[in-house]
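In what follows, a structure is listed as structure tokens, so that the remarks can point back to it.
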Amino acid sequence: MDVYNLTTVTQFILIGLSDLPEVRYPLFVAFVIIYQITLLGNGLILLAIVTEKKLQTPMYYLLANLSLLDIFCPSATVPKMLKNLLTEDHSISFVGCALQLYFLVALAGTEVFLLAVMAYDRYVAICFPLRYSLIMTKVRCVQLLFGTWAAGFLNSFVHTMSTFSLSFCNSNRVNQYYCDIPPVVALSCSSTYMAEMLVLVIGGICGVGAFLITLISYIYIVSTILKIQSAEGKRKAFSTCASHLLVVFLFYGTTIFTYIRPTSSQHSPGRDRLISMLYGVITPMLNPIIYSLRNTEVKGALRKVLHLRICS
């Protein structure tokens, strides 16, 4: 047997866009701008919620956590990606890859659960408006938020342990610009059956369960809105959940496009990775824009924050 095949992998090489060198520098500039807009937009949402007493309600506490996730999630991948675009060294240590995968999966999983909780919050607000303050108390909100973060990080711990308990003794070239479960598992020279089954079973149950909660909540929401007699009443009811509905469509649409779509036979793998990269960093940037454009209370709070900063 080849000596190379007996060597344990101590680091991985993130291929990224190494086969598309002509777009490296334009992409570096584009992603720096996108990343800065993401940090600024979500940071302003957080600042507005913290400083504006009118926004200190369960709905906006959930939005604040979404903004936190939209800051943390790209921060797990974008800085390393920017470094790789500028340098020839695309390596990442075994531990570094494990940590990147852990936090990326944890934050993405937490966002799935959080979107389900936000859908439930809108369901209670629209279907049971008189009981909303009794059902969605601050204590209940904190419990739901703790559950979403705990579930996301526990789910990621299971997947990270099962992925990195595999043996890696052949290629160490990760076919992506960050460490993710499918491209890392594909490098294993041992049986991947258990790791793949955990992704299908645990990921399927959690992901499908959260999606169904979101879907069923919006079925009841739409049904309730359609029963409202006045057009103005329908408009006001729909406006309370329109921003979240757009974010849900954006999140699940990009996830399906990135992970479930078939690989293009007409383009190179590098172009497919480029598409995944664009969708992975654009979604966190668009979420605060959607909320600031669609939500009058957030727009008002942002105006106050910007006015105070300009005056100071």
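Our numbering is plain: 1 for the first residue shown, then up by one each step along the chain.
Keep in mind that glycine also has a Cβ here, set from the backbone N, Cα and C atoms.
According to TrEMBL, the protein has these features:
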- 27-48: transmembrane segment (TRANSMEM)
- 41-291: domain 'G-protein coupled receptors family 1 profile' (DOMAIN)
- 60-79: transmembrane segment (TRANSMEM)
- 99-120: transmembrane segment (TRANSMEM)
- 141-158: transmembrane segment (TRANSMEM)
- 197-221: transmembrane segment (TRANSMEM)
- 242-262: transmembrane segment (TRANSMEM)
- 274-293: transmembrane segment (TRANSMEM)
Where else in the chain does the transmembrane segment (27-48) make close Cβ contacts, counting only residues six or more beyond its ends and a cut-off under 8 Å?
-> 17, 55, 63-64, 67-68, 70-71, 74, 78, 81-82, 85-86, 274, 277, 281-282, 284-285, 287-289, 291-292, 298, 301-302, 304-306
Rounded mean pLDDT for the residues that make up the domain 'G-protein coupled receptors family 1 profile' (41-291) | 88
Going along the chain, which residues at least six beyond the ends of the transmembrane segment (141-158) come within the CB cut-off of under 8 Å?
-> 58, 61-62, 65, 102-103, 105-114, 117, 120, 198, 202-203, 206
